[in-house]
Amino acid sequence: MLEEFCNSTFWNSSFLDSPEADLPLCFEQTVLVWIPLGFLWLLAPWQLLHVYRTKIKRSSITKLYLAKQVLVGFLLILAAIELVLVLTEDSGEATVPAIRYTNPSLYLGTWLLVLLIQYSRRWCVQKDSWFLSLFWILSILCGSFQFQTLIRTLLKDSNSNLAYSCLFFIGYALQILVLILSAFSEKDASSNNPSFTASFLSSITFSWYDSIVMKGYKQPLTLEDVWDVDEQITTKALVSKFEKYMVEELQKARKTLQKQQQRNTQGKSGERLHDLNKNQSQSQDILVLEEVKKKKKKSGTTEKFPKSWLVKSLFKTFYVILLKSFLLKLVFDLLTFLNPQLLKLLISFANDPDMYVWTGYFYSVLFFVVALIQSLCLQSYFQMCFMLGVNVRTTIMASIYKKALTLSNQARKQYTIGETVNLMSVDAQKLMDVTNFIHLLWSNVLQIALSIYFLWAELGPSILAGVGVMILLIPVNGLLASKSRAIQVKNMKNKDKRLKIMNEILSGIKILKYFAWEPSFKNQVHELRKKELKNLLTFGQMQSVMVFLLYLTPVLVSVITFSVYTLVDSNNVLDAEKAFTSITLFNILRFPLSMLPMVISSLLQASVSRERLEKYLGGDDLDTSAIRRDSSSDKAVQFSEASFTWDRDSEATIRDVNLDIMPGQLVAVVGTVGSGKSSLMSAMLGEMEDVHGHITIKGTIAYVPQQSWIQNGTIKDNILFGSELDEKRYQQVLEACALLPDLEVLPGGDLAEIGEKGINLSGGQKQRISLARATYQNSDIYVLDDPLSAVDAHVGRHIFNKVLGPNGLLKGKTRLLVTHSIHFLPQVDEIVVLGNGTILEKGSYNTLLAKKGLFAKILKTFTKQTGPEGEATVNEDSEEDDDCGLMPSVEEIPEEVASLTMKRENSLHRTLSRSSRSRSRHQKSLRNSLKTRNVNTLKEEEEPVKGQKLIKKEFIQTGKVKFSIYLKYLRAIGWYLIFLIIFAYVINSVAYIGSNLWLSAWTNDSKAFNGTNYPASQRDMRIGVYGVLGLAQGVFVLMANLLSAHGSTHASNILHRQLLNNILQAPMSFFDTTPTGRIVNRFAGDISTVDDTLPQSLRSWILCFLGIISTLVMICTATPVFIIVIIPLSIIYVSIQIFYVATSRQLKRLDSVTRSPIYSHFSETVSGLSVIRAFEHQQRFLKHNEVGIDTNQKCVFSWIVSNRWLAVRLELIGNLIVFFSSLMMVIYKATLSGDTVGFVLSNALNITQTLNWLVRMTSEIETNIVAVERINEYIKVENEAPWVTDKRPPPGWPSKGEIRFNNYQVRYRPELDLVLRGITCDIRSMEKIGVVGRTGAGKSSLTNGLFRILEAAGGQIIIDGVDIASIGLHDLREKLTIIPQDPILFSGSLRMNLDPFNHYSDEEIWKALELAHLKTFVAGLQLGLSHEVAEAGDNLSIGQRQLLCLARALLRKSKILIMDEATAAVDLETDHLIQMTIQKEFSHCTTITIAHRLHTIMDSDKIIVLDNGKIVEYGSPQELLRNSGPFYLMAKEAGIENVNSTSF
């Protein structure tokens, strides 16, 4: 039929059977024209419908659009001209063949349709339609056949059908132009993210990403450079979509859970009925009781919660992406198996001299096309999977955050804050990892099945031997993996121990320096590190064996398979086709076999995470139904028969409370500890479970919790708490909450940055900020849970009068105040006395006193205890610890007990300025501080507020890592080892090339002999040498890996040793300006990178590099011309790599920088939940979290795209290498045999993967070597003076203990003012000296100067005739003794805490303990002296810790004792004991006491009064009291009239 239609032959195979092959013209004009047209017409309606449904505002007309429309218009005109020509042409034939006018008419319709489609795309964001691009590509490909046929006919006969041919050529050129134009992307006004507007070609090759890569190469990327994510995948959109499905699935899951429980219950009650034979209800009761008991027994083991709904809802949310990626992966997997078949065809082509050359070219092109489609499919598939992974992580993270805001207390109790944050960080990450590889489950199985099928076709049953070996090696590898996992677990424990010690060393670094104990602790760390490195080495050796097996697998498998194949039957001869096709198939098989166990194990891990997430997200929400909001009520708060509990299983904490509170009242709630005061407040806020009754509330609530909750941010942010700034009210609040004096001291005022959990504020400051936050919010009801506990008496009075009291800022508001301060009670409207969760009494102060009930009793006992208003203190502003802000010395500020246990980080309070940074780094903080004060003078602008940013910004490296760092690491490994390692790897490569060459020689035998006369000796030699070469590869890899395991362990050891030694010798100022966390991070994260990841990356890099080199060498030995191709390709490759590495490195940094705020904000939220709920700020926090996650998401998204951008380009280079090498094989067919072709191409096919890996590894090494850089940064920290110098003090020094200060001056850091400005005084032997002075007068600087914690800025200190600056630090510090202000202990035995060097005998230690009044306590402990002290001494009371410090001093028995008086820590009794002991035991010593309470030093021989770094008075107490100087005034304040009135 088609024959008549064209009037010529449609198909004849003889056309192809010639060196000048061609297709018949009729075939080209029918089938090849209709394929693209059919594609277009089938898809067009669907496409137009889609556009119509999703249309947006129509965009303006661009030049690109016009150009496309004009070109298609021309095509339309050409079709019309052709039709006209056909109809008017008078040819000699009787009838014009139908094809001549049907095709132009078809084209007329088609071009009109194309115009319509292009016009319709004006209403889309993406102007270029994917299927039009595909249509152009198809049309050009199919047209190319007709194009060359027409050219050939014209060459033979120049005027056959000239007009028709010309029209075709013009049309063909126009189509190519349109395709080129459609590769460009059109910008769209509505979106600045090029990924939405990218054309089809640009998006499959990720070319739209070029601009970012260029930008990243020129300068480090910032967050502004990274595009925002698409609307559909913002956190908000994802969560709302997910929640819809989650609610459905959860309900289903809950129903099934209930059914199960009912079934269980019925079953149980059935059994019971037989036993009890009583009525049903009773058995039910017993059942309930049993259930409760059971629950108590195994609470937490098998809890019932709705299961297996999470995966379903995630699937429903993301099924579209899953389906798309499924199709892409399927196409990729099927195409993978085309390669070996094509290879087979090419080899047979090379072996058959009679085949036409064009078939070779055809195969080469086909090779390239298949590889190209494969690459594009794979990259799009990866892009989708990783995007899916990120979206899943985002969804989970946001859902957890949302859940955390509504979770009931019952459910929340099961999780610590750390565990909750883990759900967000670890478990979400696990799910993300699994979704990345979820398709590998079916894909691996498919690949394994297909490879075995094709291998069977090649070699028959003998492949079972090879596959068997592969499968056998899986459990061996599994065994090794589990062994090495066990080692890693063991090592984690060692690492934890080491980090714990490091943490303690850094927290107590001051004590270590005072007592010169560094060497002892250094040795402890080194011991642990030794164990750790030993394990590390074992682990490295295991890994080497695993790599050895991995390497051996393909070699072993091919040796065994080929041997079996040739031995089974003498007719089987190995020829090139079989050998190289099978090798390619074995290479394909290797990947799924190694991946499958990994995928399964990550699935198992994820299923654990899934259960944890289901339990958390399926937990019960807070039930606030018992809290009723009623705006019409006449009472502000009304409790009606309210009983509330914290835990459903235990009894009620608040019982039957009836209480009415009128609007505007100030109600005080008092009661003993544990009487339920805070619970009453929590019940009002809806934090507790309702038993019965309800609470009615009118209006909004503000809440001040007992434990103040502070966010990481500025003080201003904390007080405003998301409200608008009203400057006048804000200033009022600051004044009323007594915050102004603090702001003066804090650098940067209210813009001072507060660390997380408020670590650089004292407890009192935190509480007052928390109060200011509530006061600033203009609420109706104020719930104040003991806001005055952490502040000093007179500050408390100030706050009561200005804020809470009858005339405070809050007058007229309803206030519920929980308090212990009895002296405010006369001023409140009503007092509620709580006891055991019920109200015992209520009424006004006078009524209750008159009643002579419980309240009056409590009052009596209280007044007895406190005596007159507390203790008098020396500081003028006596609020404890509150104005220390960031004063130059924390030592002289009485600290509250609570803050004592806070880690060393808080001794950050220590400093005013803190910043030796250059001007530029200061710009930010400067800008902030300028906002508040309109500074116009230049001078002030040049000096930014010092220390407003508490801590030096961590130095983030940008740009390339210096080469010297690589050298440092290599030097640490050792050059000798490096040479050996590289040598072993090179020999391995040589063996690899050898075995390939040998195989090709072996397969060449098949031409010389055919099966019948193949000599056995020849066959055995072939097998034997092949096996030996294979084994050699494995052995040398094993050798190289073992050597590198040794080398890297050695390097780790050296780096850690240098780091530790240097950190311990750093001066104190370094620890003050560097947060502990940052130093610990060097010992944790960076050292572990150097231990684990860096050596592995380096090893992989060398292997990849040599693998690529050897492949290229092999190709070049076969066809030397190939070198010409290699040179341009390698230039492109290197430049792509340089571009990519710069961008990727910065994106990875941005990812980690944007990720940690999400977690810290989350843990902040979890710890401040009650406050957030009370203020009803959930939405604001949700919003904040969404913004945080989106910011992180856009960095991750960008990073994923950058990887795909790279992969597409590298795979293109790999594909070109394959294409060119196959072309060479065809061109040089005459000189090559089939086995060479096979051997070159089977290796070239492998190169794509390796090229990709090489760049990955390069960027990974770049990322990981940063760890060495950061360690190096701290190895270079400048040290304090040497510990021991050549000049040693005389033995027995100091024998007398005379101290002379000679015009002594000192400053904290070079850029600061002097703290002591020229102190001169003589202290004689055995004198007792007291030092007093207001906060900041320089008392502690005196001690620091004596111990040379601070080096003198001028003058000197001479002890017994030796200038202390002339001897080593340890010689000095070992001879002085200090009893420090805060007792710091280390975890370890008691004995180690007293005597880390084992200098003293047990008797001496017991003697010291006896004198320190601790003997009975220690003797009473089970382990005595080896009793383990917990971290920071948490298992001892503060008094006991202080006494241990005294015992330390008693052991040392030196001639000079310095006492930094412990303040808030000790009760009066202990204090008395300490004073007595010191007077008795240290009578022969010179003692210097730094005092805060005057009565402790009234019996000194002399008193030094310091003010502003100078001595203002110096003399005996009697003299000083006679002159009315500064000392007299202080004494008067403290109520000390004469020396004898020092009674306690």
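Just so you know, glycine gets a Cβ as well, placed from its N, Cα and C.
These numbers come from a predicted model, not from an experiment.
If you look up TrEMBL, you'll see 258-268 (among others) marked as compositional bias 'Polar residues'.
Summarising the annotation, TrEMBL assigns compositional bias 'Acidic residues' to 874-884.
The feature compositional bias 'Basic residues' is assigned by TrEMBL to 916-925.
Residues annotated as compositional bias 'Polar residues' in TrEMBL: 928-937 (among others).
Note on the domain 'ABC transporter' (637-861): its mean pLDDT in the predicted model is 86. Summarising the annotation, TrEMBL assigns domain 'ABC transporter' to 637-861 (among others).
The domain 'ABC transporter' annotation in TrEMBL covers 1299-1533 (among others).
What TrEMBL lists as region 'Disordered' is 256-275 (among others).
According to TrEMBL, the feature region 'Disordered' maps to 866-885 (among others).
Feature annotation from TrEMBL assigns region 'Disordered' to 910-938 (among others).
Here TrEMBL flags 64-86 (among others) as transmembrane segment.
The transmembrane segment annotation in TrEMBL covers 129-150 (among others).
Here TrEMBL flags 162-184 (among others) as transmembrane segment.
Non-local neighbours of the transmembrane segment (317-338) in the same chain are 238, 241-242, 245, 370, 373-374, 377-378, 380-381, 384-385, 387-388, 391-392, 395, 438-439, 443, 446-447, 450-451, 454, 588; each lies 6+ residues outside the stretch with a CB under 8 Å from one of its CB atoms. According to TrEMBL, the transmembrane segment annotation covers 317-338 (among others).
The transmembrane segment annotation in TrEMBL covers 358-378 (among others). Counting same-chain residues at least six beyond the ends of the transmembrane segment (358-378), those with a Cβ under 8 angstroms from any Cβ of the stretch are 19, 21, 204-205, 328-329, 331-332, 335-336, 338-339, 342, 345-346, 349-350, 1207-1208, 1211-1212, 1214-1216, 1218-1219, 1222-1223, 1225-1226, 1229, 1248.
Look at TrEMBL and you will find 437-456 (among others) tagged as transmembrane segment.
If you look up TrEMBL, you'll see 462-482 (among others) marked as transmembrane segment. Packing against the transmembrane segment (462-482) from elsewhere in the chain are residues 452, 455-456, 542, 545-546, 549-550, 553, 556-558, 560-561, 564-565, 568, 582, 586, 589-590, 593, 597: each is 6 or more residues past its ends and has a CB under 8 Å from a CB in it.
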Checklist entry - Looking only at residues six or more beyond either end of the transmembrane segment (1023-1043), which have a C-beta under 8 A from one in the stretch? => result 540-541, 543-545, 547-548, 551-552, 555-556, 558-559, 562-563, 566, 977, 980-981, 984-985, 987-988, 991-992, 994-995, 998-999, 1002, 1099, 1103
Item to check | Secondary structure composition of the compositional bias 'Polar residues' (258-268) [DSSP: H/G/I, E/B, coil] | outcome: 11 helix, 0 strand, 0 coil
Checklist entry - Residues of the same chain, at least six outside the transmembrane segment (1212-1230), with any C-beta under 8 angstroms of its C-beta? => result 346, 349-350, 357, 360-361, 363-365, 367-368, 371-372, 375, 1115, 1118-1119, 1121-1122, 1125, 1129, 1132-1133, 1136, 1236-1237, 1240-1241, 1244-1245, 1247-1249, 1251-1252
Checklist outcome for this item: Per the Cβ under 8 Å criterion, with at least 6 residues separating them from its ends, the transmembrane segment (162-184) contacts 64, 67-68, 71-72, 74-75, 78-79, 81-82, 85, 128, 132-133, 136-137, 139-140, 143, 146-147, 150, 153-154, 199-202
Next on the checklist: Give the nonlocal contacts of the transmembrane segment (64-86) in its own chain as ranges (CB under 8 Å, at least six residues past its ends).
Outcome noted: 96, 100-101, 104-105, 107-108, 111-112, 114-115, 118-119, 122, 127, 163-164, 167, 170-171, 174-175, 177-178, 181-182, 184, 186
